[in-house]
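What follows is a single structure, written as structure tokens, with notes after it.
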Amino acid sequence: MHEMSIAMSIVDAVDAKARAEGAVRISLIELKIGKLAGILPEALRFCFSAAATGSLAGQAQLVIDEPDGRGRCSDCGHEFSVDFYYARCPECGSLRIVIVSGEEFLIQSIIIDEEGE
């Protein structure tokens with residue numbers, strides 16, 4: 001389960017950023033994880049709750065945006081939804097597909113609470 005190491009990396013990154021900004025806690029973390037990123041959001045949520053214990057993110061709400069996969073045919077240029085890496089173009093039948101979205105994995109934003117808030 002690589003989601004645990006991913007959760008730990010997220011906690012480390014947001015904790016460091018929040019501390020640099022003088023935060024006393026992180027209240028919200030927004031992630032963007034494409035459906036083709038190879039990360040299971042529910043497993044990540046489970047791991048995050050354990051990884052965040054004792055950190056500034058310990059009580060943070062985790063919001064995950066999951067953009068769909070999109071592919072573009074290298075032969076005809078048609079763009080379409082894909083659920084997996086090996087897709088056939090629905091327009092011309094080509095297997096020469098380039099994934100154009102759905103592989104994203106990033107920390108979109110964090111909301112911090114500073115002393116006195």
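Every residue gets a Cβ built from N, Cα and C, even glycine.
Per Swiss-Prot, Ni(2+) binding site is recorded for H2, and the stated evidence type is sequence analysis. DSSP assigns H2 (Ni(2+) binding site) to coil in the three-state reduction, placing it in neither a helix nor a strand.
Around C89 (Zn(2+) binding site), the C-beta neighbours below 8 angstroms that are at least 6 residues distant in the chain are G71, C73, D75, C76, H78, F80, L95, R96, I97. Per Swiss-Prot, the feature Zn(2+) binding site maps to C73, C76, C89, C92.
Other residues of the chain with a Cβ within 8 Å of the Cβ centroid of C73, C76, C89, C92, the Zn(2+) site, are S74, D75, G77, H78, P90, E91, G93, S94, R96.
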